[in-house]
Structure formats: C-alpha cells, structure tokens
2 protein chains.
Amino acid sequence: MKELESVLQDHFKLVFTDKSLLETAFTHTSYANEHRLLKISHNERLEFLGDAVLQLLISEYLFKKYPKKPEGDLSKLRAMIVREESLAGFARDCQFDQFIKLGKGEEKSGGRNRDTILGDAFEAFLGALILDKDLLTVKEFIYQVMIPKVEAGDFEMIKDYKTHLQELLQVNGDVDIRYQVISEIGPAHDKMFEVEVLVEGQSLGSGQGRSKKLAEQEAAKNAVEKGLDSCI
Amino acid sequence: MKELESVLQDHFKLVFTDKSLLETAFTHTSYANEHRLLKISHNERLEFLGDAVLQLLISEYLFKKYPKKPEGDLSKLRAMIVREESLAGFARDCQFDQFIKLGKGEEKSGGRNRDTILGDAFEAFLGALILDKDLLTVKEFIYQVMIPKVEAGDFEMIKDYKTHLQELLQVNGDVDIRYQVISEIGPAHDKMFEVEVLVEGQSLGSGQGRSKKLAEQEAAKNAVEKGLDSCI
C-alpha cells in the first residue's frame, strides 16, 4: 500500500490515519475469499457507505448548479455521473486500478480492468475517506477528481442540436450547412473552441465548448434558438 | 404555514430562516399546476436532494450500528427504512400530512393520505432542512424521528426464530411449545414485554421486546442459541 499512499499524498494531499481502512477499500471479495483463513475484510461494506456519500455530494452539486432543471433531469444527470462506467473511469484517472487486491482467478480473467470492480473500489475509497476524515474531505476530493469532467460536459446528455437544425433548415430541400472553427484558445489540456455555423455561406450563429463537438452543438443550438425567436 | 412552523418549533426546536423553502417542501405538484400563473415552486427538486441526504444518514447509521453485517443485509435494511410506506409513516408521526398543499383533484381523491405524496413531502422537508441549516441538523431530526423506531426493531426483517425453534424441536415428533408473558414494564406508549418459551412445560429461554411478537422471537432466538451451544 506504500505506493498507493504516495499517489494519494502527491496528487490529492491525502494521508490516511487508519491505513487498514485504505487496505479494506482496495480489497476485492475475490482476494478476501482466497485468503479466507486470514479473515481479511473486503470492500463491499465500504462501497455501501461510499455510494451514499457520492450520491449526496453529486445531488447537492447538481441541485445548486442547475436551479431551473426539473427533478427528472437532475436524476438522469446524476445517474450518468455515478454509473459504473463513469466511476471506473475516475478510478483509472486516479491510478486506483493498479492497487486493487484481486484473487488469482479474477486477475487472470481481466478483473483489474473490469468496470464493476473499479467502480466499486472507487466508491469504497470514498467510504473509507469519510470514515477516516469527514464529508468535507470527500467533497474536496470529488471536486478535484469528478466535478471538472462534469463541468466540461462529459456527462451531459447532449440534445443533438446539429440534427435538429438540419431538420429545420432542410424542410424545403437541401441546404448547405457547414461548421467552422473560428478560434482555439488555451493550452492543450484546457482548450476552448469557438465554432461558427454557416448556412449557404452565411453565419447563423456561433458557440463555444471544450471540444469541437461541444462547440458545434452550442453553435447549432444558438442558431436554432435564434430561428425560433424570429418565428415568434 | 404558521401552524406548521409551530409544530416544528414545539416538537423539534426547528425554526426555518428561509420560510419559502418550507413552503416549497410542502407544495405538491398538483397544487403548483393548479396555480400555474403564480409560478409556485413544487417539492420535486427538494425531494431529489432530501432523498440523497436520507440515504447517506441511514447508510452511515447502519454501517456503524452493525459492524458485522454484510453489505447485502445493510442494503435490504436501508431499503426497508427508506421505502415510501415507512417515510409516509414518519410524515404522519410528524403531523406533516395536515400541511401539504394539494390540488383540488388530488385532495378529493384522497391524496392527503397517499403514501407517495407523504413520503415525497418527508424527503422534500429533509432537503429544505439541509439547505436552510446543515447536515448535522438533518441528522439530529432523523435521530429524533426515525432512529428510535429503527432501534425498536420496526424495520428488522425478523428471522423467524419461532419457526426455527419449532423445526429443531419437532424433528422427533410433536412437542408442546408455549410462549408466556412474564412481565410488562413501562407506560402504554413505551412498554417492554418479557416472554418465556416453555417446552413441555420447561422454560427454555426468555426474551424482551417492545411488542409481544418481538419478545417471543427474542425468547425463541435465545432458546435456539442455547440449544446450539449445548451441541458444540
């Protein structure tokens, strides 16, 4: 666990007081079952706790971030953020996959890269963290690891505005629609794109985003909204 | 809302700073829909938040209360405690049913006594409470309103020890098993029963509980455990 402790200290300034909590959070049932006589604890109980901590913090974040969104949208967005594949991704971002203790069979069959195992370990880690520290520490960790990706729109269910704009414009036959990058600002890991949508060579709107795809959607959205406004 | 404010102050020492949060928590969608022009907020967003707060506090409670229970048991127990019918019961205990604002149709069709509406309002109240105060205040409220019932065993999935004892004893044919109340202590609303289990007239064990049923189960459990010990 020494290497894991270094990762936590270097990247997240986290030092566990009770190292056994950390040990348990990274112990998969398959490992505990293989060493049954040693009575090693596995991470399922911590996962139960961590899951609830995560739900609350993400719910609180979404509730405050989107004061106008109805409950249904908040629930969908939360489900996207806390689903297994997302959590597995965060576990990989934190290099947690290297440190999970697996049984031999599980290791052989590729368990170390399985989303369920990684997602569960991520939740168990949050459970261990709230027990060793407090809710605020878990919140800070989540705001460092997860929220930037949420804010970058990685979990938005993008309504496909490009398709929508195309449908609106092509009611009376084919129309030439092109998207063109106007600017790219910022360093490689934190770039903002500005894109313009050209319809028959005329700019109908522009949009910004952290990827070309997001900026195109934003431009199309603006064009659609302008179009709707002019109809009212 | 004046009467609700009195109930909260008298029973729970709670005074809301932002009364509009309280108002929203007790406004059902049916009421908001009927007064659409007034743009009244309903309680669905607060319910989204309150649900997550409740899940965390109950998870934390169960995790610490039952250090040996596996995750599966904790999840089942949590589901029993936070399910709609349970929450509706807590809402009634708090007299919240009187204060929910319902649309006329919903009122006519008995909405004021519907578990969904009551349970949702209870969660929305918790959401309003964490926004107006903090997690600790919600925890204190839950420990006053919910945990005593949890501790009294209202949500335990009682393993049926009476049946189990009967099966053990009747392997070699019929045996006379009777349960007998030895004592009832305390006032009506907080009574403790002690029950003895008699097998062929001989006491095999006794148990205490907040109802006769729970005390009988406890007595049977003790008898079973004694029986198992004597086999080892």
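Quick reminder: no glycine exception, Cβ is built from N, Cα and C everywhere.
Residues B:D120, B:E123 are recorded by TrEMBL as Mg(2+) binders, and the candidate that the same record lists for that site, out of B:E44, B:E47, B:E194, B:E196, is B:E47. For the recorded Mg(2+) site, residues B:E47, B:D120, B:E123 set the reference point as the centre of their Cβ atoms, and the other residues of that chain within 8 Å of it by Cβ are B:N43, B:E44, B:L46, B:F48, B:G50, B:D51, B:L87, B:G119, B:A121, B:F122, B:A124, B:G127.
Checking the recorded positions B:E47, B:D120, B:E123 against chain A with a Cβ-Cβ cut-off of under 8 Å leaves B:E47. Within the same chain, residues at least six positions away from B:E47 (Mg(2+) binding site) with a Cβ under 8 Å of its Cβ are B:D120, B:A121, B:E123, B:A124, B:G127. Long-range Cβ proximity for B:D51 (active site), meaning a same-chain Cβ under 8 A and a gap of 6 or more residues, is found for B:V82, B:E123, B:G127. B:E123 (active site): 27 other CB atoms within 10 A of its CB, across all protein chains.
Broken down with DSSP, the domain 'DRBM' (B:160-229) shows 33 helix, 25 strand, 12 coil.
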